[in-house]
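*Asks:* Could you have a look at this structure, given as structure tokens, before my questions?
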């Protein structure tokens, strides 16, 4: 496909984006808004953002959800801006500095919350800054300005949603159904690989792919939940399927690890059974029926615990899968599965990374303020706004540098494109609203196609072009003002990019160590006799941390294996029949405190000291288990855990 070619699958969204822009433009001028540009800009960003992220037309519900987040972020930002102005109206410089800190604070929060919700906080940060900067000439008009901006933004969001509904958005339900079938086959094939106990790298690749696919399925569940309330039952089932899929991965990998020391546990009966190849979900269904008969014949005691648990989880997966596909009423058996253990929320491991993002945003905004005050440039305020926008939105993404480059390319492309519209097209459409709508629809259509291709600079060009062309009421054509706005955007993006380069993010290794120590803490916390604690479902949180580790350190197999081993240890100890007595319970609390100290230690020396203390406590704990005559189901996992911690002591403590 050529660089300027148009694929059929890109046309519908391009028309949708053009329609959203035209609707916002028409409504803005029809209701005599002072700056319809904000409504048009909002409609374009809300519609195009999910398409750029997805690399194609977004699924149903994505645009609505983004619009909802934008409304929340705008209102939070407006309220914060009003509070800052009311409190500091007599100290303008202090007021702007506080706004810079507010933008950094919102970026810090957006780095810690779920990626889906971080957009609202990023928006809240720079909305307050926009209000404070814009009202500098007339601060008494602040409430009116805030209300007008909110109204224009809400109109833009409504127009984007109307365009989305008008062009029948894609439903993700069929993709979910196909993935459920395919994922079950992949789970069975992973178990086959683990029982064969073949090449470790092949097994690592297989379970790594399954972790990514299970995480992707969880993302599909979020999309399905946003799409319509009629999928509420399917959403409940998919939430339980996520845990079951992670359980299947854990049991398969534990089957592989067990054979490193005790290969005789997997009998020839099961080896021969899992030799039969499977290609479809129907093949897996037949094999599971046969496998349940084999287990009933051999007995639970003669069946390895990992295989028994795997078959139980796969059977539940199958049952819920059928319910998701048919979306029928939840029956009593399904309800029993769905009323499972409460999920534990994951503890953020990127606090240092979030603090780096805080300083990047705050310093870049302060640098923009100094540049504005030092030069006295009329578009210094525009540069400041672009600095806040770039840093607030870039920091929450995995590669902020590339986001800043995208904005630079976009603002550079917007200069000639905006010039064409400002000097030629818009002046010649002054007598016709229809011609004005058509001209902007053409802009939205072609940039909508480029956005779906994820062309570098396309998203920035769309927003920057709309921002600098004259879409005010009434329209005024001052070339110096246009040039100032265009150059202000470019300078702001370059300054933001400079700060991102200068304030280096060296938090990757620290985040990796925190994640690994959180796995250790989870394994240690599984050693408990507290019934409520044992019923907590840590698996989704642990695999979410593993997925983050895989993204932070792609290809680092030793780290992945260590993390997976800790997850397996956690699951095994959680189900182990630990003797119930006060002596062991008190020691469990002591070990949990020590594990927490390892995570929170700020220096390598303290971390090594607490880790050494944890190893000593594990030795004492093993002795206590022998005194209290704990069964092998308890002593063996604890011994394996202690051995792993001894082996990887330096990786878990050294910076």
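Every residue gets a Cβ built from N, Cα and C, even glycine.
Note that this is a predicted model, so its numbers are computed, not measured.
The following feature annotations were taken from Swiss-Prot:
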TRANSMEM  13-33  transmembrane segment
TRANSMEM  38-58  transmembrane segment
TRANSMEM  67-89  transmembrane segment
TRANSMEM  93-112  transmembrane segment
TRANSMEM  121-141  transmembrane segment
TRANSMEM  152-172  transmembrane segment
TRANSMEM  370-390  transmembrane segment
TRANSMEM  407-427  transmembrane segment
TRANSMEM  431-451  transmembrane segment
TRANSMEM  459-479  transmembrane segment
TRANSMEM  482-502  transmembrane segment
*Asks:* With pairs restricted to those 6 or more apart in sequence, evaluate whether the transmembrane segment (370-390) and the transmembrane segment (121-141) have 3+ C-beta pairs under 8 Å.
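*Replies:* In contact, yes.
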*Asks:* Which sequence positions outside the transmembrane segment (459-479), separated from its termini by at least 6 residues, show Cβ-Cβ distances below 8 Å to it?
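*Replies:* Same-chain residues near the transmembrane segment (459-479) but 6 or more away: 21, 25, 28-29, 32-37, 40-41, 44-45, 48-49, 52, 406-411, 413-414, 417-418, 421-423, 426-427, 430, 443-444, 447, 450-451, 485-486, 489, 493.
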*Asks:* Within the same chain, where does the transmembrane segment (431-451) have neighbours whose Cβ lies under 8 angstroms from its own Cβ atoms, ignoring anything closer than 6 residues to its ends? I mean 6 or more beyond.
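*Replies:* Non-local partners: 6, 10-11, 13-22, 25-26, 29, 40, 44, 48, 51-52, 417, 421, 425, 458-459, 461-462, 465-466.
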*Asks:* Top stretch among 121-141, 152-172, 407-427, 482-502 for CB pairs under 8 A with the transmembrane segment (38-58)?
*Replies:* 152-172
*Asks:* Please tell me whether the transmembrane segment (121-141) and the transmembrane segment (152-172) touch - that is, whether there are at least 3 C-beta pairs under 8 Å between them, with each pair 6 or more apart in sequence.
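*Replies:* Answer no, regions not in contact.
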*Asks:* So, do the transmembrane segment (152-172) and the transmembrane segment (13-33) meet, by the test of 3 or more Cβ pairs under 8 Å (sequence gap 6 or more)?
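*Replies:* As far as Cβ distances go (cut-off 8 Å, pairs 6 or more apart), the transmembrane segment (152-172) and the transmembrane segment (13-33) touch.
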*Asks:* With pairs 6 or more apart in sequence, are the transmembrane segment (407-427) and the transmembrane segment (93-112) linked by at least 3 Cβ pairs under 8 Å?
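*Replies:* Contact between the transmembrane segment (407-427) and the transmembrane segment (93-112): absent.
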*Asks:* Near the transmembrane segment (13-33), which same-chain residues lie under 8 Å Cβ to Cβ, leaving out any that are not at least 6 residues past its ends?
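*Replies:* Those are 39-40, 42-44, 46-48, 51, 56-58, 148, 151-152, 155-156, 159-160, 162-164, 166-167, 433, 436-437, 440-449, 451-452, 466, 471, 473, in sequence order.
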